[in-house]
Amino acid sequence: MKTSVLFVIFGLALLFCLSFADELEDTGRQCGEFMWKCGAGKPTCCSGYDCSPTWKWCVLKSPGRR
């Protein structure tokens, strides 16, 4: 029982560390990639992507989109 509790605690700590490292990497980018939040106060979308006015995230450019 004690071992399983320790595994759960260490697993949650590892998950927290990995998600923090991923978030730290994402905030270091200068532009947003696919499905990245965009809009006021957020980085602009990278080349090849547009900010969707409906969903407020970066989507692939399409020929019909302005």
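In case you wondered, yes, glycine gets a Cβ from its N, Cα and C as well.
Per Swiss-Prot, the residue from Cys46, Cys51, Cys58 that shares a disulphide bond with Cys31 is Cys46. Between Cys51 and the candidates Cys17, Cys38, Swiss-Prot annotates a single disulfide bond, the one to Cys38. Disulfide annotation in Swiss-Prot: Cys45 is bonded to Cys58, selected among Cys17, Cys58. Over all protein chains present, the Cβ of Cys58 (disulfide bond) has 24 other Cβ atoms lying within 10 Å. All chains included, 21 other C-beta atoms sit within 10 angstroms of the C-beta of Cys45 (disulfide bond).
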